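The structure that follows is given in the form of structure tokens.
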Amino acid sequence: MSTYQEFIQQNEDRDGVRFSWNLWPSSRLEATRLVVPVSCLFTPLKERPDLPPVQYEPVLCSRANCKAVLNPLCQVDFRAKVWACNFCFQRNPFPPSYAGISEVNQPAELMPQFSTIEYIVQRGPQTPLIFLYVVDTCLEEEDLQALKGSLQMSLSLLPPNALVGLITFGRMVQVHELSCEGIAKSYVFRGTKDLTSKQIQEMLGLMKPAATGPQGRPVAPQDAVASCRFLQPVHRVDMNLTDLLGELQRDPWPVPQGKRPLRSTGVALSVAVGLLEGTFPNTGARVMLFVGGPPTQGPGMVVGDELKTPIRSWHDIQKDNARHLKKATKFYEALANRSAANGHCIDIYACALDQTGLLEMKCLSNLTGGHIVMGDSFNTSLFTQTFQGVFSKDFNGDFRMAFGGVLEIKTSRELKVCGAIGPCVSLNSKAPCVSENEMGIGGTNQWKMCSLTPSSTLGIYLEVVNQHNAPIPQGGRGAIQFVTQYQHSNTQKRIRVTTITRNWADAQSQIQHIESSFDQEAAAVLMARLGVFRAESEEGPDVLRWLDRQLIRLCQKFGQYNKEDPTSFRLSESLSLYPQFMFHLRRSPFLQVFNNSPDESSYYRHHFTRQDLTQSLIMIQPILYSYSFHGPPEPVLLDSSSILPDRILLMDTFFQLVIYHGETIAQWQKAGYQEMPEYQNFKQLLKAPQDDANDILETRFPMPRYINTEHGGSQARFLLSKVNPSQTHNNLYAWGQESGAPILTDDVSLQVFMDHLKKLAVSSSA
Amino acid sequence: MNVNQHTPMAPPYGQPQPGYGQPGYGQPNYAPLDGGYPAPYAPHNGPASAYHPGIPQQGYSSFTSFPSKAMAANPISDPCSPLDLGPARGPPTSGPPPVQAAPQYNQHSSGDIQNGPPPVTQAPPRPPASMQYNQGGVNMSAQQPSFPQHYGPPPTMHQVTNQMTGMHISSGPPTPAGPGYAPPPSSQPPTSSHYGGTPQPSYSQSHPPASSAPSQPPPSSAPAVSQQYYPSSAPPSQQPFNSLPPTSQQRFVSPVQPQQTFPPSSSSSYSGPAPPPTHTSSAPVTQPQQPFLPPQPPFSSAPSGQPPAFTAGPPPPTQGSFPLQAPPPSSQPGSFPPPGPPPSSVASGQYPSSMPPPPQQQPPQSQPPPFHPGPPPPQSQMPPTSIGQSNHQPPGPQGPPSPTGPLQQPPLQQGMPTGYPPQHNGAFGQVRSPQPGYGGPYPGQPNYGAPAPAPQAQKRLDPDAIPSPIQVIEDDKAKTNEPFTTGVRGQAPPLVTTNFQVKDQGNASPRFVRCTAYNMPCTADMAKQSQVPLAAVIKPLATLPPDETPPYVVDHGEGGPIRCNRCKAYMCPYMQFIEGGRRFQCSFCSCVTEVPPHYFQHLDHTGKRVDCYDRPELSLGSYEFLATVDYCKNNKIPQPPAFIFLIDVSYNAVKSGLVSIICQELKSLLDHLPRENPEIDSVIRVGFVTYNKVLHFYNVKASLAQPQMLVVSDVSDMFVPLLDGFLVNVNESRQVIESLLDQIPEMFADTRETETVFGPVIQAGLEALKAADCAGKLFVFHTSLPIAEAPGKLKNREDKKLIGTDKEKSLFQPQAGFYNNLAKECVTQGCCVDLFLFPNQYVDVATLGVVPVSTGGSIYKYTYFQAQSDQERFLNDLRRDIQKPVGFDAVMRVRTSTGIRATDFYGSFFMNNTTDVELAGLDCDKAITVEFKHDDKLSEETGALMQCAVLYTSCSGQRRLRIHNMAVNCCSQLADLYRNCETDTIINFLSKYAFRGVLNNPTKAVRDTLVNQCAQILACYRKNCASPSSAGQLILPECMKLLPVYLNCVLKSDVLLPGADVSLDDRAYLRQLISCMDVAETHVFFYPRLLPLVKLESGALPVAVRDSEERLSKGGVYLLETGLHLFLWVGASVQQELLLNIFGTPSFGQIDSSMTSLPVLENPFSQRLREIIESFRAQRSRYMKLVVVKQEDRAELMFKHFLVEDKSASGGASYVDFLCHMHKEIRQLLS
């Protein structure tokens, strides 16, 4: 049904939205029976090179609890110069500036192709972006040098008027004053003491004398003198800061044998948050935390400094053996919430061979829209390039980052908002369209995303509330409006409005249509997000069970089968891939913690819940390309049968790029054929996947781990753990003809999974 | 008040004492005084007169000098008699050594008074001492000689007392009184003998001339006469006195001595006459023996002889004029009146004029009625008084002198207002009829004589008649010619005011250890009875003069120092090697310990190790051991120490220019960090912190181009923000440090921060040292009360209303316990804190000082600091403080031999338990006063041993043990105790004791305690050591005759008796400052040095004058130093020449009193004066800012505050009044 696919594609391109269902069941009951909720993946700031922003204020519905933005779906009476809100049906007069409106002279927002439109508004002072580096100095010398280099380099990438600040920490936390000449000055905090924001501001001398706060309002952020000491425009302190970074020394406190260095990450972050809170609340700011190890002291401590006590593992957590976990998590959550409340985002760049406490700290980024980057060392291209990627620019030369985003959702009255899953926090806005049924971060129709990138994607979950006995007239349409206010990286305040509409369909009579409107990719990702969201708070097996159940119910609903006859089971084309996604999702690191450290799990989940659909799908089901002399590169099944001796495989899991040389290829390479002029084609064959990989590496953020391995190589595990184990040591006998590589695992293969699924789907007892 | 002081010290003092002795004669005066004191002088006068008769005659008769004293005494009224003590000494001393001295003294004494002229030259020198005593002195002088002799002898005490009595008697002598006194003295026979000597008579005779005559000069001339008189008189007197005995005897003896001292002739004459034989014999003998031995003999002989002397004494009165006078009281009056305190004066007056007689009679009658009985009874009475005096006198060789001195002085004063006996003497000397003159001066006497003018008399108590610190000091100087060797156990060293060299022969140098008593009582009962504090003031790291070798460093190898197995005492000269050297017995605990093989050495035939003299630890009193790793904290060789400078950069500090001054100075000072080898750079590391409400640390690592500042605002929980680069080696980081010090003033130039913290500042330093794992010193420069929110935050609690109430003590206590805990931590780490305060208002020194005081640090305070005027003082203090030798992380332990135990410690330190004194830092200026108590009996044979071991880290980071050993004698006779005391040390102890007391007791209670203890000490002496005498006499032990004056100074100090303008901070500051002063510092602090700047000769300082306004001449310029302050007082009618020489300006009005240094003028006077000032400053641990005070100027008030013999503005008693009060107390105790 190419039309739907085209429709979906078109919608995504235009509005950055993918719905699980593109026809909406018209009653709550029917909707519930569809198993997969009406929901969508929404990319608020999807890059739209073709969409120039308009330079005026949006026209809002005058109803106090509606305030929907004028959009193409509104009924307009050009003569009366009034428009009817399509959400609340309030009739609103056009503002005076729209006096000249007519059928032939319509503002952009009324044109159907501008279902997504962006306004530039003049509101409040334009404050420069703020970048606050929080740098761990308990690093190996090599790492520190590399990090210093990266930081110095980054100064040249920052917008010249941006404010920068520097906090370094190790055993102590130092806030560097950048305005002073001569003696380099810094404020020092001990790393073991939790300080309130007020204390921090007092200690930094940011509190004005009592006389200045007569109205009891927060200390004015414009206290230029005070704040400027720590946050200075890049162009002014460029040299100073470069020198300062250059002089950064490793934490000088001795680290006894058998101990970890004392690292006060918690206090450093607390100081950073407190500093910004006191000086620039509600402006775009980025706290960039660079850590080379786990916090080992003070609040937010993740592990003690005794090396003999290893950092918590999933095993410890399951056994409730992680001493600091809850306390640290609580601490970082509090910090994240404060930071989010002030619109500041926190990035975490963690480079270490061991864990660094991302599990505890993840909320900092998750709630504020910050990045998490995990690497082995700051001295790797993974880090340096990813870090540069943060400062990448779009086609307009603007940074691909936005701040202080607030997403508000308005729905037509048949719909309510259940929640959202993504890098956002609830603003607790209790509008009429808020459902009592929470999915993800619910209970609100507004969310704050302190930092946004063009790819930041939220999963939005809706609920059809129309009662079964109040059918919607044929041809009725439901609508959703996404209003995203944010601070553009050029400091402009902008509002992007996306208004979506879909047809209602009666599930009883139009089930076929509904089925065919199913977007299985979006649904897979949306369900996966729900699963991951649950996994944060529930036991892994429960989540899997829930997922399985949903899958079975879906199959029961839409499968064609004879009861109790698994072999008769069929799924329509629009659902055919869905079980396979679920199969891989079950095996993915988002839901499986085996073989992953808590940090890795956190890292993977972090990215999974913020990337757009394409990237998310890659994460669920990695892409496998095969290169051979037999033809052009082709995608192949993510299956062990695809692992052939004369192929080169390129697997993209989003987090890793694996190039795998089949056995024969590897032998050839060892033999050095590629060096021989007569085997130039072999050389090219070897090069082809690398080139493709490079293309991916350049565009992807964060940069994936690049792995070049071969048959029998230790790193081949990355490939082997992902492919469907269709051939294992258990069915070796079956192996013969087509070959492939047996995977030594007891995991079930897709085949087994499907068989089982069919059996359950057709079972009447399920 | 016979201030008869025993001159236990006899030996040394002996000679000088003589001089005193003469004064001692004055004692007679005391005797009178006694009477006088109680009933004021008037009564005394009466008594005196009564006494006079007896004593005077004797004294006079025998001693020309006595007479003078007697004169003084009498005239002064008995009150003066206290002074009589002097006389007492006189006699004994005069005896032997005195010979020379005595003679001189005598002469002087006489000279002082009358003899002055001839002897003047000689006399002058001594005179000074005696001088003051003048009258007495003069007379005394004569006596003194004898005293010395007496003193020389052990019996000194007795002698003194005797002498004293004698003195009294002498006073008495003038007239019958003398005799009368004598009798009582009889107990003191010796004195009586002196009396017998009744130089008085002679004096009296000579008196007129005698006054001068007393002084030796006259002696010659007068002497003869006196002698003659004596003889003549003596005989008679003696006879009479004989009955009287003791005192008279003593006096006689003294007289005798005087005689001896005097021209032999006199002695002969005396001998002849007085003691008649015995005395003479004794006297002569003594003289010959002069040294010390003589004294004894004299005494021994004296006793017996004395009586005769007394008898002779009486005669004396009769002698010369006395006779006439004497008969009636006249004799006394005549000769004695003078001596007699008030009466004496009266007497003297009388005497001269003949008045004496009447007065005497009269006085006696009036005052003395009791005495009167005395006259006839006088004697009887006299005895008491005289005894008192005499008793003291006996010991008196020393005591007497002073006593006499006083007495004498009075006369002098009368005769010669000024204290300077010498001159007066001279004058007097010329005027043989000085007595008459005295008489005049003594107007009081007349009064006395007449009705009961007593009151007046009391008031009139002649300051010159009471013991003079100056005289004591000068006498001690005069008699100290040879290096002091420490080999002899129980030998008291010269006074702290005397320059002397020390040779370590087995006991610690007095520069390291000074004891209150060098002869400790054997039993606790005795100690308790005497109330004399048993304490030692230890200054473990004292710097020695260049001509003395610093302690040798001994290395006993890996095993560490060799110690007793049981008590852990370190190897020292007291250890007894036995069994051929294979073992040694500890002299502290008697435990026997094996000698380690590597330390074995054979013994010689005397049981000494053959290598005894090759090993410092076996032959010296002070030495050092190299400590092994076992003696180090955590068994780790210590890191080199560090100095951290913490500078207040709040608004006040910046504005006053302080910050720039400090930074500027530090740049050069850093090159002068302490080091042991001047060739090598100091290993001490330095660090810098500035602070106001927050702290700024600086990274000055050598590799940095610019220093880095690290601000720590979390003052509630202090920590050190950096490790590497905070403490650095000066040479390596010089560039960075200089850059930092240049920038600090600029950085804070515009600061508006006025609040400061303090607790966190110290914590910061402490943490830094902890982090660096080393000991060290913090230099904190602080300006204001720390009111910023932080641990150790303080409130302004200055409340002057509390002063005088029971809550006053709370003002001395820290207001927060925080600092006590902090101090404890500091000590644990070896972190010593030196605090420089620059307050403009109350900063609560009592609290801020807790840490410095507990860590062995110092506090410097510059109130209202102004760069221009205070910079010099501050910078000099800072320089010295940084450069001075210092040890860190020290623990001091005092071990003692069985029977005695160190029970209490005073000073800047911390104690965790009862035995270990912990000092985070110990510098060369810090002294620790240790009090001992008996816990068993001591034995006279072994004496009492103490070993003070200080384990410390030297400034080069070497762990060492400094050992000081001290052995003192033990006695079963209280007299021995009183003879071997050191008043300066006692005062040091008492002041520290009292200043600690104010922490927990109302100030008034503390003052009362002090007075009580002092009274008990003196009363005990009076009761047990002095020969019986009238209760009216004040009898002081020779060694302690200055106790009252010094004690009065302590009582009047700002701490115990604050004036209205003295802030709480000042008091707390002084309190803490004094707690770690050594004896020399407390001495000059309590009794400032006041130098008349008349003629300045290179090489010698002018003789100081007493701290009284009366001593200041309008035409003079005086320099006063207290160790903290330095004043240049300019009289209103000062000579132009002097002004030109000093200030380069001819007009008084043009002197700029705000100058802090004298203009550099190219004249010898100016040069010398500046030299003197420089030398003063060099002597003291703190730089004294020169303050020019013009007479009548407003600033004079401050200056007058230091004239401690005068009544103070805050209500402190004058010396004279206090002496009377003390006497009253003593009498109460005795009754």
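Glycine is treated like the rest: Cβ placed from N, Cα and C.
Marked as compositional bias 'Low complexity' by TrEMBL: B:16-28, B:189-214, B:222-232, B:254-272, B:279-290, B:301-312, B:405-418, B:445-458. What TrEMBL lists as compositional bias 'Polar residues' is B:58-67, B:104-113, B:131-147, B:241-252. Marked as compositional bias 'Pro residues' by TrEMBL: B:89-100, B:116-128, B:173-188, B:291-300, B:325-344, B:354-381, B:394-404. Here TrEMBL flags B:561-599 as domain 'Zinc finger Sec23/Sec24-type'. Annotation comment: TrEMBL describes B:638-882 as domain 'Sec23/Sec24 trunk'. Summarising the annotation, TrEMBL assigns domain 'Sec23/Sec24 beta-sandwich' to B:887-970. What TrEMBL records for B:983-1082 is domain 'Sec23/Sec24 helical'. Residues or ranges marked as domain 'Gelsolin-like' by TrEMBL: B:1101-1173. Residues or ranges marked as region 'Disordered' in TrEMBL: B:1-462.
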Given the domain 'Sec23/Sec24 trunk' (B:638-882), which of the listed stretches B:561-599, B:983-1082, B:1101-1173 has the most Cβ pairs that are under 8 Å apart from it?
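Highest pair count goes to B:983-1082.
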So what's near the domain 'Zinc finger Sec23/Sec24-type' (B:561-599) in sequence-distant terms, Cβ-Cβ under 8 Å and 6+ beyond its ends?
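For the domain 'Zinc finger Sec23/Sec24-type' (B:561-599), the far contacts come to 506, 554, 607-609, 617-621, 625, 627, 895-898, 942, 945, 947, 949, 961, 963, 965, 967.
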Counting by DSSP, what is the helix, strand and coil composition of the domain 'Sec23/Sec24 helical' (B:983-1082)?
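Counting residues by DSSP class gives 65 helix, 0 strand, 35 coil.
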The domain 'Sec23/Sec24 helical' (B:983-1082): mean pLDDT?
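A mean pLDDT of 89 is what the model gives the domain 'Sec23/Sec24 helical' (B:983-1082).
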Would you list the DSSP helix, strand and coil counts for the residues of the domain 'Sec23/Sec24 beta-sandwich' (B:887-970)?
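Its residues fall into 0 helix, 56 strand, 28 coil.
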When the domain 'Zinc finger Sec23/Sec24-type' (B:561-599) is classified with DSSP, how many of its residues are helical, how many are strand and how many are coil?
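Across the domain 'Zinc finger Sec23/Sec24-type' (B:561-599), DSSP assigns the residues as follows: 6 helix, 11 strand, 22 coil.
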